[in-house]
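A.B. asks: This is the feature table in TrEMBL:
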type	residues	note
TRANSMEM	38-55	transmembrane segment
TRANSMEM	61-85	transmembrane segment
TRANSMEM	97-125	transmembrane segment
TRANSMEM	131-156	transmembrane segment
TRANSMEM	163-186	transmembrane segment
TRANSMEM	223-241	transmembrane segment
TRANSMEM	262-283	transmembrane segment
TRANSMEM	329-348	transmembrane segment
TRANSMEM	369-390	transmembrane segment
TRANSMEM	402-426	transmembrane segment
TRANSMEM	433-455	transmembrane segment
TRANSMEM	475-496	transmembrane segment
Amino acid sequence: YFWSLEKIKAPVTLVSTSVTRFQVGASLFASNIGSGHFIGLAGSGAAAGIGAIAYEWNGMFMVLLLGWLFLPIYISSGVTTMPEYLQRRFGGRRTQLFIAVLSLFIYIFTKISVDMYAGAVFIQLALKWNIYLALVLLLSVTALYTVAGGLAAVIYTDAAQTAIMLAGALTLMGFSFAEVGGWNALMQGYANAIPSVRVPNTTCGIPRDDAFHIFRDPVNSDLPWPGAIIGMSIPSMWYWCSDQVIVQRSLAAKTLTHAKGGSLLAAYLKVLPFFAIMLPGMISRILYTDEVACADPDLCKQICGNAVGCSDIAYAKLVMELLPAGLRGLMMAVMIAALMSSLTSIFNSSSTIFTMDLWKSFRSHASEWELMIVGRVFVLVLVLVSVLWIPVVQASQGGQLFIYIQSISTYLQPPVSIIFLMGCFWRRTNEKGAFWGLTVGLTVGCIRMLLDFIYPAPPCYEEDNRPVVLKYVHYLYFSVLLSFITLAVVVGVTSLQHSFHPVSHGLDPNPGPNAAMHAQTIALPPPCFTHGVVFSGPPGVSPSSYYCLSIIMTQANLCVTCPKNADPELCCCFMAKFNSTGV
C-alpha cells in the first residue's frame, strides 16, 4: 500500500472523511435505487414475474464484500479513484486510462441514459410534458447542486432522498395490496392478467408459468439459475466493489468502521425493492392489464410510444391511477428524487474520473480552478451524449429497461471485475497481464454487444433467426465465459512475463500490517512499489530500462540492490535511514 508522509490537499471533487455510517448507507442505497429501478424493476415484475429480484438480493452480498474485503485495500492504498488504484497497483498509465474511459462509457450506456429515459417515462405519463423539456429542467436542477456542493452535498442530499423514497414507495405498496386484495389475490390475479388484444396463435401477453420462481430452468428460461448465481455475481462485483459511484461514498466515511456500517445498512435496505417496487409492478399488470401487458405492437405504440411493449409504465401507472391527489404529489417527489439522486451520484463520480485520471494525465499542473471548470463542462457533454442514446435504450430487450441494464453490464463489466479481483488478491499479477486481459475481454464483450444491437431479440410473434451465439448463449452464461477468457489471458501473460522478469512492478496487494506506517516516498518518477515502500528509477529513464529488486528492511536501515544484469549507469544503489520526517 502506498502512503506518503507529506499531506496533500484533497481533490476538489472529493470530500473530507467526515460522513457517518448512516449517511454512507443511505447514499449507497439512493445511488443504486434511481428512477431506473422504479421504472425498470417494476416493469420486469409486470412482464416476467419476480425473477429479476435476484439482481437486488445478489447486491446484498456484494456490498458486504466491498466493506470487508475491498475497501480496506482501497483505503490503505490512499487512492481517490478506482483507475488510480490500478495505476498504483500495476504501475504505468495505460491500464488506468483504459479503465477511466471504459467507466465513462458504461455510465452513458447503463446509468445516465437509463435514468433519464426512466424519468421521461414517468413525466410523460404523469404530467403530459414534452419529454426533453422536462429532462432539461430536471437536469439543470440536478447539475446545480452537484457542481456547486461537491460530494458532500450529494451524500447529504442522498440521505434525505432515501427517506423520501422509502416513505413514498412503501405507501404505494400499501395502497396496491389493498386494491388487489392481498398476496393470494396477487398470485391468482397475475396468472390471469392476459390482455384482451393479442397476436393470434402466439403466447404474446400470457404470463410466465415460472413467474413466482427466482431460480428458473437453466436452458429455456429468461433468467437461468446457474447464470443467476455465477454470471450475475461477476458484473455485480464490479458495480458494488470497484465502481467509482459506489466506492467513492464509502471512501468518504469517517473511519473504516463507519464504512463497514454503511455497507451493512445498504445490504439491509436492498431487501426492500422486492416489496416496495417489484410487487407493485406485478399488481399494476393485474389492475391495468390491457395497457401494462399490451401484446399488440400497434396498440402498444398508441399507449406508450414503444411497439415492443409497455411494461415500463407499470409503476407510473399505479401512481397516477391509484393514489389520491395529495399522495400522488408525494410519489411524484419520490420519482424525481430518485432520478436526481442517481444522476448527481453519477455526475460527481464521472467528473472525478475525468479530471483526476484523464485531464491530469495531460495537464499534470492543472490548478483546482481549472479542474473544477473542466469537470463541469465534461458533465454537460456526458448528458448530451446520453440523451442521444435514449432511443436505443427504449427499443432494447423487448422494452424491459431493467433487463437492458443487466445485459449491457454483462458485456462490459466482467473483464474489469477480474482485473480488480486479481490485482487485489493475486500478488503476481502484473501490468501486462492486466492490460491484455482487459483488452481481450472487452474486445470479446463489445463484439457480443454490437451483435445484440445488430440482431435484436425478435418479438414473441416472430421466429428467432439470430446467430447461434445470441440465440443459445444467454447473456448471463456469456458473463461466465467472458470472465474465464479474461482470467486466462491475465494468468497466461503474467506467467510468461514472470518467466523472463521474476519481479513484477507495482503495488504489493498484501503488505505487512505496519506497511502503511513505514512506507516512505522517494520522489523520483516513475514509481515502483514493493513491500509497501515506494521507489523509482533515475529521472528521465524509461521504466523498462531498470528493475527495482532486493529490498531489505532491518530495523531502521533500508538497502536497495541492483539486479545482476542491469546497466550500472541506470541503477541506483544506496543506503538510507528512516527518521521522523522521511527518508
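For all residues, glycine too, the Cβ spot is worked out from N, Cα and C.
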A.B. asks: Near the transmembrane segment (163-186), which residues from the same chain, at least 6 beyond its ends, have a CB less than 8 A from one of its CBs?
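C.D. replies: Same-chain contacts beyond the ends: 26, 30, 33, 38, 269, 272, 275-277, 279-280, 282-284, 286-287, 318-319, 322-323, 327, 330-331, 333-334, 337-338, 341.
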A.B. asks: Run the contact check on the transmembrane segment (61-85) against the transmembrane segment (433-455): 3 or more C-beta pairs under 8 Å, excluding pairs closer than 6 in sequence.
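C.D. replies: Since fewer than 3 Cβ pairs under 8 Å link them, the transmembrane segment (61-85) and the transmembrane segment (433-455) do not come into contact.
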A.B. asks: With Cβ distances under 8 Å as the criterion, find the stretch in 38-55, 97-125, 329-348, 369-390, 475-496 that has the most pairs with the transmembrane segment (223-241).
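C.D. replies: Of the candidates 38-55, 97-125, 329-348, 369-390, 475-496, 475-496 scores highest.
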A.B. asks: To the transmembrane segment (38-55), which of 97-125, 262-283, 329-348, 369-390 is linked by the most Cβ pairs under 8 Å?
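C.D. replies: When the Cβ pairs under 8 Å are tallied, 262-283 comes out ahead.
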A.B. asks: Is the transmembrane segment (329-348) in contact with the transmembrane segment (402-426), using at least 3 Cβ pairs under 8 Å (sequence separation of 6 or more) as the test?
C.D. replies: no
A.B. asks: Using a Cβ cut-off under 8 Å, which residues of the same chain at least 6 positions beyond either end of the transmembrane segment (475-496) come close to it?
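C.D. replies: Contacts with the transmembrane segment (475-496): 223-224, 226-228, 230-232, 234-235, 406-407, 410-411, 414-415, 417-419, 422, 428-430, 432-434, 436-438, 440-441, 444-445, 448, 504.
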